[in-house]
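J.: Here it is, the structure, as structure tokens.
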Amino acid sequence: MPSGSTESTAFRSAIEVIRGVEPRVADAIGQELEDQRDSLKLIASENYASPAVLLAMGNWFSDKYAEGTVGRRFYAGCRNVDTVEALAAEHAREVFGAQHAYAQPHSGIDANLVAFWAVLAARVEAPALERAGARQVNDLSEEDWARLRHELGDQRMLGMSLDAGGHLTHGFRPNISGKMFDQRSYGTDPATGLLDYEALRKTAREFRPLVIVAGYSAYPRLVNFRIMREIADEVGATLMVDMAHFAGLVAGKVLTGDFDPVPHAQIVTTTTHKSLRGPRGGMVLCDSSLAEQVDRGCPMVLGGPLPHVMAAKAVALAEARRPDFHSYAQRIVDNSRALAEGLLRRGATLVTGGTDNHLVLIDVESSYGLTGRQAEAALLDSGVVTNRNSIPQDPNGAWYTSGIRIGTPALTTRGLGTGEMDEIAGLIDRVLTATTAGVTSAGKPSKAQHVLDAKVSDEIAQRATDLLAGFPLYPGIDLG
Ligand code: PLP
């Protein structure tokens, strides 16, 4: 990460300007930097964007409406938005080797909605229009329109189950995807915790989905996208991969061949703020067969694009094209392995027994007799920021859970290496070993309360602070 007084001047000046209007916001921005500097951030979906990425977001691009696509806008005066959107797409195509890139989605959930509707438009709407001899939906009779709406709402999706590491947006009822699609899940082999491709193939043959969604938020191993595509082709499904979590590993060429989703899936979605280390946002990549439908994301499911965020996406993707991003991606995985090995050596049980990517899932119920919620709270008391997560066949359900998910993208950006990861594994193990389950006010065992000696939590928190002091966050930025 670059350092220097130019960055300090830029951020200090920005904060002073804000202070002139609402000092409490200025204070909160400054405090957020301090909090981030002081925390041992192991949340697998977070990172630290570069100063260039952050600065690209705070400007007058925010004022501009730009519905439409590059060169085809519904508003006048979009030439500069065209420049940044085209650059974001060009860098994305280059970084990922994609035929087409769409940089407008505001978030990962939006990117997934764009992708679902692109597939529905291509595979359900377009044939219906053709059958009715209509050019567009407005030309359909009331009867044909009613039939099409019914057909659009009657499609099937096969997605990874939540407890195996899938994401809510992959067809689960609390999310709109679960209300749109009739969803069935595939999971992992209970004996190994690994994706069970043969069971998936069998379910796909029986269920005949329109879309198979691959991708995850909490699966610590590689996914073979060549096999996934083979299964999708066999049953006539479109393969969509949500690489929100591991896009940085694809950009950094750590995931290649069968493990790179882009050559195998017809459509790939991502967030830009996790391992990819860009601004908070989403993106869709696809092959040319779906490009036209994907570009209709606005107005299909999106409002006007966020040109300031697209500017920051272009900067982040330019960073991802540099050779040092490849070594960053490799260090994420090296660190994740070191963390896993450190935990295993100390006796912890890990889902799948280890990791091949940026995240590790500790089974805290089997290892320490704690729920995920108790472990998460005890670690937070000790200055270690993680989040609880379900594990396959979770005995504690989706709220309390039995897992703790930890990831290395953020600490790797900060410069920590494998030696520090081993030490962090030791800190985590010490906290969880010293923690016990609490009791409810009625004296019954609690899944929420935990007991941890303050001496232990204070000692670990101090060690975490000392460790982080050797790896300053945003070293070029001094807010004074
Ligand atoms: N897809 C996956 C696999 C995710 O892990 C997430 C976020 O955690 C999302 C989509 C949603 O991203 P966002 O929070 O940007 O909407």
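Positions of Cβ are set from backbone N, Cα and C atoms, glycine also.
Just so you know, TrEMBL annotations never went through curation; they're auto-generated.
Given the structure is predicted, the values throughout are model-derived calculations rather than measurements.
TrEMBL lists these features:
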DOMAIN    21-122  domain 'Serine hydroxymethyltransferase-like'
DOMAIN    155-428  domain 'Serine hydroxymethyltransferase-like'
BINDING   LEU162, GLY166, HIS167, LEU168  (6S)-5,6,7,8-tetrahydrofolate binding site
SITE      HIS273  site 'Plays an important role in substrate specificity'
MOD_RES   LYS274  N6-(pyridoxal phosphate)lysine
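Help me see these features in their spatial surroundings.
T.: In this structure, LEU168 ((6S)-5,6,7,8-tetrahydrofolate binding site) belongs to neither helix nor strand by DSSP; it is coil.
Around the Cβ of HIS273 (site 'Plays an important role in substrate specificity'), the same chain contributes GLU46, ASN47, ALA49, PRO279, ARG280, GLY281, each under 8 angstroms and 6 or more positions distant in sequence.
Long-range C-beta contacts of LYS274 (N6-(pyridoxal phosphate)lysine), restricted to its own chain and to partners at least six residues apart, with a cutoff below 8 Å, comprise ALA44, SER45, GLU46, ASN47, ALA244, HIS245, ALA247, GLY248, PRO409.
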J.: In the domain 'Serine hydroxymethyltransferase-like' (21-122), how many residues does DSSP put in helix, strand and coil?
T.: 60 helix, 9 strand, 33 coil
J.: Relative to ligand 1, which of the binding-site residues LEU162, GLY166, HIS167 have a Cβ found under 6 Å from one of its atoms?
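T.: The binding-site residues passing the 6 Å Cβ test are HIS167.
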J.: Are there any residues at least 6 positions away along the chain from LEU168 ((6S)-5,6,7,8-tetrahydrofolate binding site) with a Cβ closer than 8 Å to its Cβ? List them or say none.
T.: LEU162, PRO174, ASN175, SER177
J.: How many other Cβ atoms are found within 10 Å of the Cβ atom of HIS167 ((6S)-5,6,7,8-tetrahydrofolate binding site), counting all protein chains shown?
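T.: Its Cβ has 23 other Cβ atoms within 10 Å.
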